[in-house]
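Summarising the annotation, Swiss-Prot assigns S-adenosyl-L-methionine binding site to Trp10, Leu45, Glu66, Arg123 and lists sequence analysis as the type of evidence.
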Amino acid sequence: MDTNFWLERWQLGHTGFHQQEVLPLLQKHWHALDLPKESRVLVPLCGKTLDMHWLASQGHRVLGVELSPLAVTQFFDEAGLQPQRHTSAAGEHFIAGPIEIICGDAFALDASVLADCTAVYDRAALVALPAELRQRYLQTVYVQLPTHCRGLLITLEYPQAEKAGPPFSVDATHVHALFDAAWQVDQLERRDILDQEPRFRDEGVTGLSTAVYRLQRR
């Protein structure tokens, strides 16, 4: 899997992973992080998720990172926003009100870009990556987040042998293996969602759950 894979998905409109509404699990559990309203929230591999609008509505500043220029322009166009733009080493920045999206490679982020992010919302990034890329992703993104940063991580769990990702299965054992050295990890919820995801059942998946974790940087 490389950058062209995701760029092509957006160009061809193969974006079944995009949700047409704010994720209810975000609305249910976000306040468990107990963040000040002015906190800056990182949303890696953000696509054009409506969750960013909801986070902004909570008084937060939002920093999305997205590889696809098409996803970024669609996000602002569909909201009727005309972002200001400038370029840095991280990529092209699109800014409208409290929302900023960097169109660039999340694996090339510099620590200075993340220095004032006091929270991270990861619904679509970790599960989008195959196992061999996850440690690199943590080293590129999570390791560079400031001490005491908090996060909400949402994963999927299913028998990986029954379906090729993405999205990939990331179970609790793997979450703890990735994060425990530097983060306190607390599972807030785990629920069966196979009945709500017919495309997984249609592909032969026999069990599907989603899990929500609260993260606290040590």
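The first residue you see is number 1, and the count goes up from there.
Including glycine, each Cβ sits where the backbone N, Cα and C put it.
The secondary structure of Arg123 (S-adenosyl-L-methionine binding site), as reduced to three states from DSSP, is coil rather than helix or strand. Packing around Leu45 (S-adenosyl-L-methionine binding site) is summarised by its Cβ count: 23 other Cβ atoms lie within 10 angstroms of its Cβ, all protein chains included.
For Arg123 (S-adenosyl-L-methionine binding site), the same-chain residues 6+ apart in sequence whose C-beta sits under 8 angstroms from its C-beta are Leu23, Leu26, Thr49, Asp51, Leu152, Ile154.
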